[in-house]
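What TrEMBL says about this one:
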- 30-48: transmembrane segment (TRANSMEM)
- 89-106: transmembrane segment (TRANSMEM)
- 118-135: transmembrane segment (TRANSMEM)
- 208-231: transmembrane segment (TRANSMEM)
- 292-312: transmembrane segment (TRANSMEM)
- 332-350: transmembrane segment (TRANSMEM)
- 362-385: transmembrane segment (TRANSMEM)
- 400-421: transmembrane segment (TRANSMEM)
- 433-453: transmembrane segment (TRANSMEM)
- 459-480: transmembrane segment (TRANSMEM)
Amino acid sequence: MGAEVHTSHITPADAEAQQHGKLRRVPGPISWILILICVMEFGERFVYHGISGPFQNYIQHPYQPGSRIPGALGKGQAVGVSLGDFFKFWSYLCVAFGGITADQYLGKYKTILASSPIYIAGLALLVATATPVAIKAGAGTGGLKACIAPMAGEQNTGQGQHVETLNTGETVLVDHDLTTARIMMWYYWAANIGALSSLLTVELEKNYSFWLAYLVPLLLLLVVLAVFVAFSHKINKIRPQGSPILDASRTLAIGLKEGSLEKAKPSLRTRHNTLTDTYVEQVKDGLLACKYFLLFPFYFICWTQIFNNLISQAGDMKMGDTPNDLMQSLENLFQLCFIPILDLLVYPAFRKAGITFNPILRIFVGFMCAALGMTYACVLQYFIYHRPANSIPVWIQAPAYVFGALSEIFVIVTGLEVAFLKAPENLRAFVSSIFWITLAVGAAIGIALAPVSQDPYMVWTYAGLAIGVFLAGCVFFVCFRHSIAGEVPLTVGFEVAEQPVFDGPGPAGSDPLNGKLA
């Protein structure tokens, strides 16, 4: 993933090439310790999707031995959607507490260790009762989810850019921020391997029992946690320094009172001078990153359909021997294919050709892919209503998951990248948690929409979601389209070279979204 860069030499010719922006940007090598972080993310996602995968069937359908669709509670589709979204809402709301704990008190590694027993307790309760309202499991998710992605990014210890020469003889500019972008791609790839746990748990729920389906994630989490602890001495850990949450709150309070964060800088004040101008700038950057997440709840409403309404839609189709809740795993399988293709082939080709595909464009394209996915589900639902029951093959649903997979890569991976790069070093877990809270907001909206998430309203439900995410994407593009134009100043040593906007963020100390120096 980073072995293509081998030697490092800066020559006068290189400096001249830099000055004229002729060097191609490439990611640097990635530390092997990232594999350990990815193993932990694999375990967390294995558990999360392993227990949430059977939710919809468990709640919606009654227990009927020999039925083609497994079930237990028989509460109907609307209740299943509502409770499933509540689980997601609670899980990702708890991410905020995990972020605060990590940045203010324990650090990311210790927060992961402290949250794991909560996760284990919740899973044990699930195994004992086979009920999806075991809130402790969701609380455990919060502590882990806030910390793993920032910890993965922190294994990239390089800074800025430097010139190196490939085996091919080409001189390139190795970019720290592109390395971070690559890390987030492969971190999310590992998460999708873990998410395939629903393939196993839905088979267990169908052929054996729900309690066994919940036991497997519990055992897997114990194994992964043991491996994580055993190799923890190899991890680059950044400990909490001072009181970052309180410092950021104080900065915001001064900024609100004075009408500008610029006036919170100690150099412009005679009091409140315990902070530094640099830290105030970092807090301002973190806030700027958060504003890009304001429209993400509209995306996440569509994303949650994978785990509830699309499962119910599959149950109304001709399934054969395919469990209806197995279909959600298609999105993970597609992402496992698309992420390497994008990271190893498409993005490098874009950079080499000078094609602009910066974070703003990626997020916009992701919103449009989500709109296409919901539009496809809407049209498919129309035909389901107007054809004989269970007559349409379930695999015709697959294109909805293709669009969903692409949308996740462009929206979620890019969002994690921006959250990490723009956050102050001592607030990375907290800013990352702000990103995930938008998922909780989307799930809360999904709960409000639960009464119409049932027959015969599903055509209009999917249509409304498609229109909503399309409009949100357009608003996002209109508000931030200026970020696409212009030049990105690349700082190389003490020189600044003008370079066209390529894939990924700009250099450390620059705005990766709009290409302007912070």
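Even glycines carry a Cβ here, placed using N, Cα and C.
Ranked by the number of CB pairs under 8 Å to the transmembrane segment (362-385), the listed stretches 89-106, 433-453, 459-480 are led by 459-480. Counting residues 6+ beyond its ends, the transmembrane segment (89-106) has Cβ neighbours under 8 Å at 48, 114-115, 135, 137-139, 141-147, 150, 240, 243-246, 426-434, 436-437, 439-440, 443-444, 447 in the same chain.
Taking Cβ pairs closer than 8 Å, the transmembrane segment (30-48) reaches residues 1-2, 91, 112, 119, 123, 137, 141, 144-145, 148-149, 151-152, 155-157, 179, 182-183, 186-187, 189-197, 217-218, 220-221, 223-225, 227-228, 231, 234-236 in its own chain, all 6 or more past its ends. Between the transmembrane segment (332-350) and the listed ranges 208-231, 292-312, 400-421, 433-453, 459-480, the one holding the most Cβ pairs under 8 Å is 400-421.
Of the recorded ranges 208-231, 292-312, 459-480, the transmembrane segment (400-421) has the largest number of C-beta contacts under 8 angstroms with 292-312.
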